[in-house]
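*Asks:* Got these off TrEMBL a minute ago, pasting:
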DOMAIN    29-241  domain 'GH16'
ACT_SITE  E126  active site, nucleophile
ACT_SITE  E130  active site, proton donor
Amino acid sequence: MVSLKNYNIKILWETTVVFFLCSLSLVSSHSRRFTTPSVTRITDQFSKIAIENGFSKRFGAHNILVNGSLAKLTLDKSSGAGLVSKNKYHYGFFSARLKLPAGFASGVVVAFYLSNAEDYPKNHDEIDIELLGRSRRDDWTIQTNVYANGSLKTGREEKFYFWFDPTQAYHDYTLIWNSHHIVFLVDNIPVREFPNRGAFTSAYPSKPMSLYVTVWDGSDWATHGGKYPVNYKYGPFVASVADVKLTGCSINNGTSTGSGPCTKSGGSVSSLDPVDGQDFATLSKNQITAMDWARRKLMFYSYCSDKSRYKVMPAEC
C-alpha cells in the first residue's frame with residue numbers, strides 16, 4: 001500500500017510535469033500552427049545590392065562582418081553594431097532578409113529602420129521595425145513605430161507575435177514609404193498601414209531619411225520594460241542580414257540620384273518616385289485580407305487601445 005506521504009509526492013510530481021508540458025505549449029507563439037494568407041511577393045520586384053555599395057559602418061565596426069550581399073552584426077560586452085545607408089532617401093522601398101540571434105536573447109534589439117535624427121535632432125522623423133529579444137518565457141516580438149517632427153511624446157507603437165521562429169531561417173522585413181502611406185511587411189504580409197491622410201497627416205514623416213540596420217543592448221526597456229536585461233553569458237548575439245533592397249528617391253549631398261529627378265523645385269516628391277505609382281498607392285485586396293489576418297491573430301498591443309497611457313488619445317485614433 002502506498003503511504004499518504006508518497007501518494008502526495010506522486011500527485012505533486014504529476015502536477016508539476018503537466019504544468020511544465022502545458023507551459024511548453026505556451027512558450028512559443030510560433031509553435032502554434034498558422035495557415036498564412038496568400039500574397040504577392042513584392043520583394044521579388046526589386047534587386048538586392050552589395051552591402052558595401054549601399055552601406056557604411058555606423059558603429060561597432062569590429063563587430064561587423066560583410067561578404068557581398070550578406071552581413072553579420074554582433075552584440076557582445078564590448079559593443080553592438082550598426083550599418084547606415086550611404087544615401088538618404090525621400091520615400092522608397094526598403095527590405096532585408098534577417099535571421100535573429102538564437103537562444104536566450106532577452107534585452108537584445110535588432111532594428112531595421114529609417115531615421116534622420118542626426119540631421120534633425122530636435123524634430124526628426126523615424127519609421128521603425130524593432131525586433132525584441134526573447135526571455136525565458138516569451139518569443140521574439142515585432143514592434144513597429146512612427147515618429148514625425150520629433151513627436152517623441154506620442155509613441156505610435158504596435159506590437160506583434162511572429163508566426164514562425166525568426167532565429168531558424170532568414171525572413172523578409174520590409175518598409176514602404178511614399179506620399180500615400182507607410183506599410184510594414186513581414187514575409188510580404190502587411191502587418192500595419194499608416195496612411196498619409198486625415199488626422200495622420202500631422203504625424204507623417206516628411207523629410208529625407210537614412211536606412212539603418214543595427215543590433216544593440218536594449219536592457220533598459222526592450223523586454224517587459226527592462227525587467228529582463230541582456231545576459232552576456234548567453235552571447236555573443238549575432239544578427240544576420242542578407243538581400244538588402246534599397247529603391248527610392250536617393251539624395252546624396254543634397255543631389256537626387258537615379259534615373260530621374262526625385263524632387264521638384266519646391267522640394268515635394270515627384271511622380272518619378274519608384275514607389276509612388278498606382279501599384280503602391282493602395283493595398284490590394286489580398287494584401288488587405290492578409291493584414292486583417294495578421295492584426296487579428298498576432299497583434300497584442302496598439303497605442304490606440306492604451307487608455308491608461310493616454311488621457312487624450314492621439315487624433316488619428
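We number each residue from 1, going along the chain as drawn.
Each residue, glycine too, has its Cβ placed from N, Cα and C.
Predicted automatically and left uncurated, TrEMBL annotations should be read as such.
These figures come from a predicted structure and were not determined experimentally.
If you look at the structure here, what lies around each of the features I listed?
*Replies:* Around E126 (active site, nucleophile), a 10 Å sphere centred on its CB holds 19 further CB atoms from the protein chains shown.
In sequence order, V109, V110, A111, Y113, I142, Q143, T144, N145, A222 are the residues of the chain that are 6 or more apart from E130 (active site, proton donor) and have a CB within less than 8 Å of its CB.
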*Asks:* Can you work out the mean pLDDT of the predicted model over the domain 'GH16' (29-241)?
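*Replies:* Computed over the domain 'GH16' (29-241), the mean pLDDT is 92 on the 0 to 100 scale.
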